[in-house]
Amino acid sequence: MEPAGTGRRWPGPPAPLLLLLLLQVAGPAGALAETLPDARAVGTSASPPSPASVVAPGTTPLEESRLPVFTLDYPHVQIPFEITLWILLASLAKIGFHLYHKLPTIVPESCLLIMVGLLLGGIIFGVDEKSPPAMKTDVFFLYLLPPIVLDAGYFMPTRPFFENIGTIFWYAVVGTLWNSIGIGVSLFGICQIEAFGLSDITLLQNLLFGSLISAVDPVAVLAVFENIHVNEQLYILVFGESLLNDAVTVVLYNLFKSFCQMKTIETVDVFAGIANFFVVGIGGMLIGIFLGFIAAFTTRFTHNIRVIEPLFVFLYSYLSYITAEMFHLSGIMAITTCAMTMNKYVEENVSQKSYTTIKYFMKMLSSVSETLIFIFMGVSTVGKNHEWNWAFVSFTLAFCLVWRALGVFVLTQAINWFRTIPLTFKDQFIIAYGGLRGAICFALVFLLPAAVFPRKKLFITAAIVVIFFTVFILGITIRPLVEFLDVKKANKKQQAVSEEIHSRFFDHVKTGIEDVCGHWGHNFWRDKFKKFDDKYLRKLLIRENQPKSSIVSLYKKLEIKHAIEMAETGLRSAGPSFASLNDCHEEKIRKLTPGEMDEIREILSRNLYQIRQRTLSYNRHNLTADTSERQAKEILIRRRHSLRESIRKDSSLSRERRASMSASRYLSLPKNTKLPEKLQKKRNVSNAGGNSSDSDADAGTTVLNLKPRARRFLPEQFSQKAAQACRMEWKNEVDVEAAQQPCTPAPHRREGATQTPGALRQPLLPHGQLGPGQEGPTTESQRPRPPPRLVRRASEPGGHKARWGSERP
Amino acid sequence: MGAAQSASEEIRELVGKTGFSSDQIEQLRRRFKQLSGDQPTIRKEHFNNVPDLELNPIRSKIIRAFFDNRNLRKGPSGLADEINFEDFLTIMAYFQPIDITMDEEQVQLCRKEKLRFLFHMYDSDSDGRITLEEYRNVVEELLSGNPHIEKDSARSIADGAMMEAASVCMGQMEPDQVYEGITFDDFLKIWQGIDIETKMHVRFLNMETMALCH
């Protein structure tokens with residue numbers, strides 16, 4: 001059943017797919033069907049006889065049936081069975097697409113899925129002669145949409161989002177209003193023309209149609225934009241708009257629908273509509289924030305039962321969504337704000353594993369939902385609920401595009417005045433182009449009450465045409481267009497510690513200058529919020545309440561991630577990196593003379609290898625392709641790299657080597673030891689150590705007790721002076737120099753500096769050394785993340801102390 | 001009359017030199033007066049009057065930047081004791097937003113200037129390189145607001161960052177090479193991915209001069 005690797009295969013192997021189809025067709029209408037009659041397969045359905053037809057185990061009163069040896073009871077499992085089959089089909093289709101590598105880059109997945117849906121729909125229609133199961137709007141709104149929005153909201157890069165929040169709101173609210181009213185009114189104008197035969201469509205109906213068709217769809221935007229990697233700002237503008245315009249859509253839709261059904265409309269109703277908008281939007285947000293805080297608070301206490309932590313995240317988010325839906329508020333906004341609020345605090349409270357689980361499960365759910373939505377769109381298109389009218393359809397399409405372009409242009413002119421960095425024409429073009437319509441519009445149009453809308457089928461057709469056009473044509477052409485226009489692409493660099501430092505530094509500089517100027521800028525509010533956050537919120541919501549610096553968090557995260565990777569690749573060593581952050585010992589180590597330093601350098605250069613720069617980049621969806629071999633090499637390099645770390649020729653970084661019991665002497669340099677001799681010994685030990693695997697095991701355990709042992713061994717060295725060098729914990733490292741590194745206390749900084757003029761030398765590795773390759777804090781690959789941005793991830797609070805001090809194997 | 005004329009001439013001159021508009025210069029002058037207590041020059045102590053600056057972890061560096069001769073374009077190193085209004089404007093000019101009418105080359109120049117400002121903040125001894133010690137100093141200051149972090153953490157972080165910088169800037173190094181420190185060119189390389197020209201700006205017109213004593 002495995003679709004064998006190479007070459008193009010259209011979606012998946014044909015045989016299982018046909019089997020699925022057969023079962024689908026043969027079975028009675030699924031739970032997802034709204035139009036099929038409820039023909040339970042008790043052998044009375046009009047469908048062609050099939051192997052799946054059920055033998056009712058019931059007995060007729062007239063005769064007694066014998067005990068059946070083998071029975072088939074389809075209705076019993078019908079609903080879950082069909083749901084499972086649909087999801088399976090969707091996932092198989094996805095596998096099929098990715099078999100041919102280039103395909104998803106040329107054609108966005110959404111298009112392919114719709115085509116599969118169309119195909120399926122066609123088959124079902126052809127076989128059954130009735131409309132295939134259309135997607136029930138309830139199922140869509142309650143089950144399929146929330147995971148996608150949750151995923152988007154949880155991983156939303158908050159900084160650029162809030163930096164652009166004014167613009168996003170501007171586009172979402174005013175833009176959607178502009179579009180709906182524009183499209184509605186112009187369509188009404190068209191309908192007035194007698195020749196088209198549309199005069200029975202009233203203004204209100206047109207306005208309603210306009211409101212539902214003008215909403216930019218987050219699902220479609222996500223599906224298309226994730227492949228083209230435009231720069232973050234553009235992405236966040238389009239995507240933020242698509243999320244936040246839900247409030248406007250909900251309000252307008254309900255408003256016009258009620259107006260259509262009301263006899264008279266009074267001004268108070270209009271005002272009620274406007275008030276409703278605020279209620280819907282703000283209410284949604286408040287619900288989201290409230291539940292987000294509760295979720296964060298709950299996770300504060302879950303340290304004893306880590307297994308259900310991910311559950312809370314999902315439950316609370318979903319709760320926020322359906323609570324908002326209960327009150328007819330904007331569910332999308334609720335779940336988005338809930339996710340964004342939760343994200344910050346939950347990250348710090350949950351364990352590493354829970355975090356990974358949350359992330360992967362979320363991605364999985366959203367992926368499945370997205371796939372199902374698109375397939376269903378395809379399936380539901382085929383059928384009998386269409387009415388074609390050239391004029392209406394084509395004008396709808398034209399107006400959608402025109403009004404979108406106009407709207408973006410006009411609105412941007414207005415908002416550019418307030419922005420410090422105005423949006424260029426290229427940006428505007430992409431924003432307008434990226435206004436894709438999708439499943440929400442689709443679902444809403446199906447939801448129109450047929451009684452009020454005699455021409456509902458016309459609307460459906462028009463909506464489908466617009467959706468297909470935007471998804472297919474715009475979706476496929478946006479990629480070459482982006483390249484043609486040379487739009488700035490996303491910055492794919494991984495988050496490095498130095499970048500974090502620079503960003504932080506820069507933030508503070510900017511804030512400082514703003515303070516000096518007396519200017520309340522963005523940074524002012526951000527700082528205020530941060531202070532409030534630190535003072536109250538974090539104390540309340542986070543378990544281990546240490547105010548964390550993002551730099552340190554990032555650093556720790558990288559370290560832990562590195563450690564996990566090392567462990568995962570089967571190496572014995574899962575050592576933490578080169579610094580024990582939490583309880584670092586201060587010690588004073590004798591300074592080395594320049595002559596000694598040179599000697600060290602020489603010895604090292606003769607014996608060690610060079611380091612190579614490594615880059616590992618993770619993509620949002622997949623890990624790097626060639627795993628094992630490259631990884632092995634990388635690991636080797638990383639080990640060397642880490643060994644190299646220990647060699648610092650500048651003033652003060654002393655590493656601690658912990659290789660075996662005997663090496664304890666080398667922890668610090670006793671005053672009387674002659675250096676070269678020590679080096680000699682160390683070298684021998686190192687060579688010996690390298691050859692035996694025992695030292696690995698040894699080192700593995702020794703690190704456990706590093707701190708206490710170190711304390712025991714180094715009381716005389718223990719100095720209370722500030723600015724001591726940090727010891728590097730090394731497992732397996734029996735290497736040479738480390739302890740000889742001079743650790744110059746701060747007052748002697750200058751001297752140290754001159755001694756080894758700020759030199760940071762690339763360390764070289766001993767031949768055949770099998771140390772734990774500890775990754776330096778260089779750009780470590782993060783967990784896959786959507787738009788690249790600063791991400792703070794929590795490291796395991798509980799595990800922290802364990803890790804830094806003593807590594808538990 | 002003469003005073004007014006010379007004042008407006010002065011403003012015109014400043015407009016020409018620094019690139020600010022006359023409105024902005026007016027605003028900044030008011031602010032300058034507030035800071036300096038109506039005196040013609042500002043000294044370091046005057047910056048204590050800015051209340052929020054107390055909470056800024058790198059306040060000493062920021063204040064220093066105002067007096068840095070390299071930023072004031074008065075010399076290759078050293079600190080001035082006091083700055084007048086024109087110097088104040090010179091420093092502020094580093095934070096002007098980039099004009100969209102500028103062409104690519106000018107944008108690059110602007111970017112370089114801004115980055116140079118930042119570089120000078122890192123490079124406290126004016127030797128043209130950010131050495132490990134200076135880097136450490138920066139990180140320590142950044143983390144100084146956080147009582148739970150020990151000095152050694154800052155050290156190791158700085159070391160790590162330095163290693164990254166080394167690998168970015170030097171790539172593969174020969175066994176005998178030493179990495180002296182981050183030069184300005186290396187600094188440019190590091191910041192290559194980051195959009196400094198769009199981020200490093202302050203809106204100079206929408207200023208509200210806050211009361212200096214709270």
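Here the Cβ of each residue, glycine as well, is placed from N, Cα and C on the backbone.
As the structure is a computational prediction, the values presented were derived from the model and not from experiment.
Residues annotated as compositional bias 'Basic and acidic residues' in TrEMBL: A:647-659 (among others).
What TrEMBL lists as compositional bias 'Basic and acidic residues' is A:793-809 (among others).
The annotation domain 'Cation/H+ exchanger transmembrane' is assigned in TrEMBL to A:87-483.
Positions annotated as domain 'Sodium/hydrogen exchanger regulatory region' by TrEMBL: A:576-683. Confidence over the domain 'Sodium/hydrogen exchanger regulatory region' (A:576-683), given as mean pLDDT on the 0 to 100 scale, stands at 44.
Taken from TrEMBL, the feature region 'Disordered' covers A:647-700 (among others).
Per TrEMBL, the feature region 'Disordered' maps to A:739-809 (among others).
The annotation signal peptide is assigned in TrEMBL to A:1-33.
Positions annotated as transmembrane segment by TrEMBL: A:106-127 (among others).
If you look up TrEMBL, you'll see A:139-156 (among others) marked as transmembrane segment.
Using a Cβ-Cβ cut-off under 8 Å and counting only residues 6 or more beyond its ends in the same chain, the transmembrane segment (A:168-191) has close neighbours at 161, 198-199, 201-203, 206-211, 213-216, 236-237, 240-241, 243-245, 247-249, 252, 391-392, 395-396, 399-400, 403-404, 406-408, 410-411, 414-415, 431. Under the heading transmembrane segment, TrEMBL lists A:168-191 (among others).
Long-range contacts of the transmembrane segment (A:203-228) within the same chain, counting only residues at least 6 positions beyond its ends with a Cβ under 8 Å from a Cβ of the stretch, are 104-105, 108-110, 145, 148-149, 152, 176, 179-185, 187-188, 191, 235, 238-239, 241-243, 245-246, 248-249, 252-253, 256-257, 259-260, 332, 370, 373-374, 396, 400, 403-404, 434-441, 444-445, 448, 452-453, 455, 459, 462-463, 466-467, 470-471, 474-475, 478-479, 482, 620, 786. Sequence annotations record features per position, and here TrEMBL assigns transmembrane segment to A:203-228 (among others).
The transmembrane segment feature in TrEMBL is assigned to A:234-256 (among others). Cβ atoms under 8 Å from those of the transmembrane segment (A:234-256) belong to residues 149, 152-153, 156-157, 160-161, 164-165, 167-169, 171-173, 175-177, 180, 204, 207-208, 211-212, 214-218, 221-222, 225, 273, 276-277, 280-281, 284, 328-333, 336, 427, 430-431, 434-435, 440, 444, 487-488, 490, 787 of the same chain, restricted to positions at least 6 beyond its ends.
TrEMBL lists A:268-298 (among others) with the feature transmembrane segment.
Feature annotation from TrEMBL assigns transmembrane segment to A:318-339 (among others).
Under the heading transmembrane segment, TrEMBL lists A:391-418 (among others). Sequence-distant contacts of the transmembrane segment (A:391-418) (same chain, six or more residues past either end, CB-CB distance under 8 Å): 166-167, 170-171, 174-175, 178-179, 182-183, 186-187, 190-191, 193, 195-196, 198, 209, 213-214, 427-428, 431-432, 435, 437, 458, 461-462, 465-466, 469-470.
The annotation transmembrane segment is assigned in TrEMBL to A:430-452 (among others).
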Paired segments the transmembrane segment (A:139-156) and the transmembrane segment (A:318-339) in contact, 3+ CB pairs under 8 A: yes
Closest-packing stretch to the transmembrane segment (A:430-452), where packing means Cβ pairs under 8 Å, from A:106-127, A:268-298, A:318-339, A:458-482: A:458-482
The transmembrane segment (A:458-482) vs the transmembrane segment (A:106-127): 3 or more CB pairs under 8 Å: yes
